[in-house]
């Protein structure tokens, strides 16, 4: 299935990096600033994945389903507070999942082109990659505000295909949420899903990715078997 893969696109939060503790802290402090109910780690783990504006909207709504009458200015204020607290926290609570760095380095050495496609605001991504010594591994880094559309829209994946002159079967999307899998399916490329991330409380297998794994390093085995 994966014998033609040339380019591998990775999600960040919940795939490479466990960032929920820092995000939960930041959104909780933002809600406290604004006099709204506090946000728990468990709530935050179900609410992230669709970008920062959606995260604060869910926190303001205290629900995964955002209130229809939520004021745009209120969302803007909450987003500004979230960004400030997230920046001030220095990402000290976040950590790479097991075998991520070694696996990425081996894929890079094997000649695969690696790209990062995340819904996280772009301003925070370079610092995180540098902090975990991953910057040199990615040919492209696409944040949630790089283009007008973010995952599950396939725009970023289609852009990568066009830039590298590849067809859809030559690209693999690696992620932990239905946003990643739906983007891959819409672009026509292959998908590799991880069970340990953040998928809004739903089994990632429900999204019907090509491969489901509990371990990031299994990606090496799958690609090796395809060669």
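One-based numbering along the chain as shown.
A Cβ is built for glycine as well, from the same backbone N, Cα and C atoms used for every other residue.
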Given Swiss-Prot lists 11, 13 for Mg(2+), the same-site residue among 176, 206, 210, 214: 176
Other CB atoms within 10 A, centred on residue 13 (Mg(2+) binding site): 23
Neighbouring C-beta atoms (10 Å sphere around the C-beta of residue 176 (Mg(2+) binding site)): 24
